[in-house]
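Please read the structure below before turning to the comments.
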Amino acid sequence: MGRTACFILGKEDWEPAGVPNYTRVWIPDPDEVWRSAELTKDYKEGDKSLQLRLEDETIQEYPIDVQNNQLPFLRNPDILVGENDLTALSYLHEPAVLHNLKVRFLESNHIYTYCGIVLVAINPYDQLPIYGQDVIYAYSGQNMGDMDPHIFAVAEEAYKQMARDEKNQSIIVSGESGAGKTVSAKYAMRYFTTVSGSASDTNIEEKVLASSPIMEAIGNAKTTRNDNSSRFGKYIQIGFDKRYRIIGANMRTYLLEKSRVVFQADDERNYHIFYQLCAAASLPEFKELALTCAEDFFYTSQGGNTVIEGVDDAEDFEKTRQAFTLVGVRESHQISIFKIIASILHLGNVEIQAERDGESCRVSPEDEHLSDFCRLLGVELSQMEHWLCHRKLVTTSETYVKTMSLQQVVNARDALAKHIYAQLFHWIVEHVNKALHTSLKQHSFIGVLDIYGFETFEVNSFEQFCINYANEKLQQQFNSHVFKLEQEEYMKEQIPWTLIDFYDNQPCIDLIEAKLGILDLLDEECKVPKGTDQNWTQKLYDRHSGSQHFQKPRMSNKAFIVIHFADKVEYLSDGFLEKNRDTVYEEQINILKASKFPLVADLFHDGKDSAPTATASSKINIRSSRPPVKASNKEHKKTVGYQFRSSLHLLMETLNATTPHYVRCIKPNDEKLPFHFNPKRAVQQLRACGVLETIRISAAGYPSRWSYHDFFNRYRVLVKKRDLANSDKKAICRSVLESLIKDPDKFQFGRTKIFFRAGQVAYLEKLRADKFRAATIMIQKAVRGWLQKVKYRRLKGATLILQRYCRGYLARRLAKHLRRTRAAVVLQKQYRMQRARRAYQRVRRAAVVIQAFARGMFVRRIYHQVLREHKATIIQKHVRGWMARRRFQRLRGAAVVIQCGFRRLKAKQALKALRIEARSAEHLKRLNVGMENKIVQLQRKIDDQNKELKTLSEQLSAITSTHTMEVEKLKKEVACYQQSQGEDRGPQLQEEVESLRTELQRAHSERKVLEDTHTREKDELRKRVADLEQENALLKNEKEQLNNQILCQSKDEFAQNSVKENLMMKKELEEERSRYQNLVKEYSRLEQRYDNLRDEMTILKQTPGHRRNPSNQSSLESDSNYPSISTSEVGDTEDTLQQVEEIGLEKAAMDMTVFLKLQKRVRELEQERKKLQVQLEKKEQQDGKRVPADQPSNDSDLDQDADLAYNSLKRQELESENKKLKNELNELRKAVADQASEHSPAAAGTPDSYSLLLNQLRVANEELEVRKEEVLILRTQIVSADQRRLAGKGSEPNINARTSWPNSEKHVDQEDAIEAYHGVCQTNRLLEAQLQAQSREHEEEVDNLKAQLEALKEEMDRQQQTFCQTLLLSPEAQVEFGIQQEMSRLTNENLDLKELVEKLEKNERKLKKQLKIYMKKVQDLEAAQALAQSERKRHELNRQVTVQRKEKDFQGMLEYHKEDEALLIRNLVTELKPQVLAGAVPCLPAYILYMCLRHADYVNDDLKVHSLLTSTINGIKKVLKKHNEDFEMTSFWLSNTCRLLHCLKQYSGDEGFMTQNTAKQNEHCLKNFDLTEYRQVLSDLSIQIYQQLIKIAEGLLQPMIVSAMLENESIQGLSGVKPTGYRKRTSSMPEGDNSYCLEAIIRQMNSFHTVMCDQGLDPEIILQVFRQLFYMINAVTLNNLLLRKDVCSWSTGMQLRYNISQLEEWLRGRNLHQSGAVETMEPLIQAAQLLQLKKKSPEDAEAICSLCTALSTQQIVKILNLYTPLNEFEERVTVAFIRTIQAQLQDRNDPQQLLLDFKHMFPVLFPFNPSSLTMDSIHIPACLNLEFLNEV
């Protein structure tokens, strides 16, 4: 069955009517396999040939086989060429696959391509920078179809499916030798170890990676096809736990090529370990091995060349030894291994001499190599010498020793060498498995199969037969899996499914492994005593000549042909039996068993299984789908063929139990040339590895799949306008396809996708291109028409201009004639008008005079009438007001009478009810004679309370009466005072007025004198200042001249060097800071690890008993949130709760006093709450009443405020002037001094002039100070006089309007009256203040009495209710109830006494502690009092105002007891939530902690300081560990930690940190302790919190970045969608839609910014946070852009630029543009510009090189290689253009790293940011439950 025939397409893939001109097709070619051509003539049905034009412009006629319908393949559109997934191609066939791989490999240098579920990897024979840690992290967590094809994407898919589906996975890597299988498998294992990590501290992931160099050394060799070819197959199972972290691994090996130990073909080598050991033979520890160079040994020199170019065997040997050490092979075992390997080399050099008879031979005893061999293995030389040349024959009766010929001895020696190496190989594999083994339970595993691909050579032997047999089994499993996936996809999408006939190789497998198959007959022939290869071959001819997969060669009887799935292979039967038996003589093995070295003896022990599989097996139970082939006897099991078949069955069972992932490695050429593609070799391997079979299965169904959304976005141009009105996209897609594609079999509508047959997508692309082409033509037509219209309009405009000028000339000539005529008429008109106007003016003036007199008379009459009416209105107003007031007073009196009557009625009703109640009580008293004593007691208590109430009422009435009497008395005194002021003091006032006048005149004269002196002195000062300014200007000019001379003399080199040194210092500082912060990060990680280990130890040490959680202490604490609770009461409650915890649950339950105490506390709190509620309601009522009353009081305060403002303004003016003059003088002095110091050499001759000038300046300064003081005194007096004068003017009309004194008509001086009025007003204000204070006290007393009365009433009601309940009980119960009541009363009294005693004791201790503090403060207080007294006197002189004295000032310190420290940390740190402090001062916990620290410093308690800081730091770490994913909590503690650090700096006493402090803040500095070390600890803690904050923010942002920046359409309709392959299938995608838009990122960053600003984080830190986040956005976006071909397009560049502009706008809107965030996004900005730039000419290349300075050369080339047109009108970037870019950028020193390190973190800076708050202004809210803190 020919393989090519299955890819030939029939005429149904061509258009029904034929193929139009210019259609491109593929035709076969002997050199390039397939060649592209173009039709030059339309094809019609029935034509026998095609007219084609090849790419080199040659014309060719291509014949067509009309009978078999074999038409050439159609070529895909150019827009589909270079796709990531081959299944995305519209035409799926062999030439399309080959061309796509070739374009990607040669033009874009992409070595990976998807083909459905297969990853095709082409060996580049070059080192590519695509396997670094950054690339691993870029692929981690990504969906398989989202990124460019990569081995990491396959590994991530396997890892993700293992975690999601809870199913084991396998990665099957296959290919020819030299195709790169081992490298791919190694990178897959490296990915798992990097992403998953280790579950323990055994570094299992490092051991897994270390197994690779070991296995490469002992199992890899150089061949003609590959320098590092694996000569065995291996299957590595990497085990994972339930958290999917690596816990162990296991390795199985298959079919080691033992023959390579003794034979190598030309230009090949033995296994690497032999050459590595020879390269290290000169080392001292290897002297005893007696090795020399590799050319001296027979087993290593048969290939000729023993060196591999670019490989250092000595360096590789050192890596191998390190790997041995890492996997746990001891040094002694390593030496033993190397001895065994060296012994094999010596064994190959043993010289065997034939005897004369030819039937025997011997080995010389003096042979050095034989002695070295025996010495290294620890065996006897004589025995080994004998049994190398002899063999033992055992019969039933006796045993014979027989000599062997030379060839037999050589074969036996080679067999022994192969056996030794094979046993050593399996021992090393077993030891590696032991090192990778784990005792933990394995939850799942991922297997990596690195196995040989299909092989065919000129001479194929037993090894090739086994390899091809294994590939047959793997191909069968691959075909069934691909078929199964296709079927699942169709069934999931609910589309019709028809079975596809795919190639089944089960007959070929049966030919090999079935009963009496090739292997079975081989084993049977091995059992025959004298079986030969020829006899076995003859049996094959006889048995299988009729099989379709078996053929006999025509020219040979020693070979047979097997038709495999990939190709026919002819096997030469020579050596099959010998290799299958793997015969080693028992006598030689027995000698090795007797070795004195344990390792050598263990290798050949009888219990050792010689099978080539690893002993360890998987920990899963696997049941085979078909029963394994059973053996007939024990000898059968020992053959190599049987062992290989058994291990292959076990491998297939394992693979069938897992989900497979396929990697097919392709070797592009046999010459190992980098990026050289041989189409013949590539096609051969594509057919052999099953890639084309995948294509065929896909092409037989529906290979092209589109989601409805993507199809609509791509082909919406084909939709009619009326269909776009429909909102259902599925319906639109259906209607479009049904109208465009008439054959319904060409497509199917699935649940979420549309499925197309091969070629339909190309047809739709053609229709889309035709639509665009028609639209382009329409646009061109419109543009050309517009150009012609513009030309016509230009000609028309020129014509109109010429006409306009001609007509203008004629019109001007006519106008000149008309102007002259008009001028004559105008002259006549003006003359006549002048005459008429003069006559009119005379008449008008006379009329105006007459009208003025008449109108004046009428207006005066009207005015007099209005004046009379106004006066009458005023009289009516007053009369009506008097009548209204009279009527209101009558109504108010009537209302009062009615109210009195109604209230009297209500009082009578209440009295009647009380009497009835009293009668009922008397009745109950007669009925219950037995309770008389109780009633009497209660009655007595009630009487006492009534008496007390009565006394309080009497006191209240007495106070009220005295208050009223005092008020009346004061009123009388005021009236008398007013009367005396008006009657008696008239003459006295006259005398006082006269004296005041004389004093005023004297003051005026003094003021004039002062003003004159002031002006004179002011003029003198101005002159002096002007002189000084002139001198200062002269000095400045001299200084500038000298500075210019110095600057001219200075050299530019020094400036440049200083700039460079500054830059270097800054760079070194940044690097040092980065290193330090990395150390802090590492320290926090180790500390976290230590905490985890400590937690695990505590968990292990804990007993299994249940312990109650102490955090749920009591529910009573929830009621203690009221601010009226005293500190001692809270302390008592806390002590009680602590007592409950210490005594235990059982004891505490028995202690009734404790619980009664708690109950009492609850009651008191409830009463306190009610009292506060009542007070709050009263306060609100008072505030409501006070609002209208406050308005008049504001007017009275305006004058006082104006005076204060005036005085303050004058004082500020004087101070500013004084300060300005001082600054000028200081600057002048400083300039002179600097000039003198700088130019001392030049001005050495003038020192006297400078000193003289300085003395003059000093004297002038002193005089200026004296004059300033005099001016200040004078201005103060002037201002006071002006204020008095202004006050007198302002109050004059009010006094004249309001005073009604009897002697007011007498003449009184105005200033005297003003002063008298002010005195009276001041007296009235004092009296009013006293009255208000007394009324407030009275109201408070009344309220207290009312509250006591209410409490007594409630108590009486409660006792009465209790009394009623008691009467209903039996007598015994009554007595018992009475006793209980008495006990509770006594208990409460006892508790009250206890509380009182405890309070007194606590107060005593507190007073004792504070006594020393107060003693220290005595001197400070005395000084403060003296200062306050002097200030008070000074203020009394200026203004006589009564000032109320404060009791004590809060000093900004908080005191707490040592035992309350844990409670402080718990309430303020560990259990505090940021939401509680939403409206409080930012960073309040930091301020509170500092105030506590300050008090500990004040009392000089170093232990308390140390304990508080340590507890605070540990508490913050605990909170951050608990909330390690809470951004708000982390930001909250970052701001508080920084604020506490700033406080420790600001109040440290260091002058460098106190420059911005106020005098009050300087008083709050620490006095006794230097906390510099703790500042460093807090700085390190801040760095850790900052790094955690960045980690949390990045974790929230990172899932959004790629979707929002690259995938989401910010500009609708801009991006187009290209066809996608299988990689967008559902199995690769997670459930749900995880797409984000840019608004999501902006919302998230808004949230970050709001949280940080609300919590008071320093603005500098906020800037650094967003700089870091924007760098992460840039790195993640750019990395994905560099790894995704589908987003490298012009439209993506436009989307990126728009998104970046939105982010920049957001930065500007938040005032964050100074953070440097935009600069971090410069690479992404340039990448977006690069996608949009023109990429054709050399000028474009220069523009790109000059623009993309932030991108490396590698990144620029990568983007250009990935650039993908979304439309066929766009052009691809040519290879020549990319080479031009590389040539221009070759001088750049760019880093070799392709991707940006998105985990890079900039070093953070915490600049000092002092607070403007003072500690005494901070209020502690009650919600913090810090009542135990006392303000000092």
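Glycine residues also receive a Cβ, built from the backbone N, Cα and C atoms like all the rest.
Where the annotation comes from TrEMBL, it is an automatic prediction and has not been curated.
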Range annotated as region 'Disordered' - as stated in TrEMBL, picked from 221-246, 611-636, 975-1000: 611-636
Region 'Actin-binding' per TrEMBL - which of 395-417, 648-670, 671-693, 1706-1728: 648-670
Residues of the region 'Actin-binding' (648-670) by DSSP state, where helix covers H, G and I: 9 helix, 8 strand, 6 coil
Cβ contacts of Gly175 (ATP binding site) (under 8 Å, same chain, 6 or more positions away): Ala121, Lys181, Gly453, Arg664, Cys665, Ile666, Lys667, Gln685, Cys689
Local Cβ density at Lys181 (ATP binding site) - other Cβ atoms counted within 10 Å: 27
Composition by DSSP (helix, strand, coil) of residues within the domain 'Myosin N-terminal SH3-like' (20-72): 0 helix, 27 strand, 26 coil
Tertiary neighbours of Gly178 (ATP binding site) (same chain, Cβ under 8 Å, six or more apart): Asn123, Thr223, Arg225, Asn226, Ser229, Lys667, Lys672
Residues of the parent chain within Cβ reach of the region 'Actin-binding' (648-670), under 8 Å, 6 or more residues beyond its termini: 101, 105, 115, 117-125, 151, 154, 157-158, 161, 165, 167-181, 184, 188, 224-225, 235, 252, 254, 447, 449, 453, 469-470, 473-474, 477-478, 481, 613, 618, 620, 622-625, 628-629, 676-678, 681-682, 685-686, 689-691
Local confidence of the coiled coil (921-962) - pLDDT mean: 73
Neighbouring C-beta atoms (10 Å sphere around the C-beta of Ala179 (ATP binding site)): 26
Chain-internal residues, separated by at least six, CB under 8 A from Thr182 (ATP binding site): Glu216, Asn220, Asn228, Ser230, Asp450
Candidate with the highest Cβ count within 10 Å, taken from the binding-site residues Glu176, Ser177: Glu176
Residues near Gly180 (ATP binding site) in space but at least six apart in sequence (CB under 8 A): Ala121, Asn123, Cys665, Lys667
Neighbours of Gly175, Glu176, Ser177, Gly178, Ala179, Gly180, Lys181, Thr182 excl. site residues, C-beta within 8 Å of centre, ATP: Asn123, Arg225, Asn226, Ser229, Ser230, Gly453, Cys665, Lys667
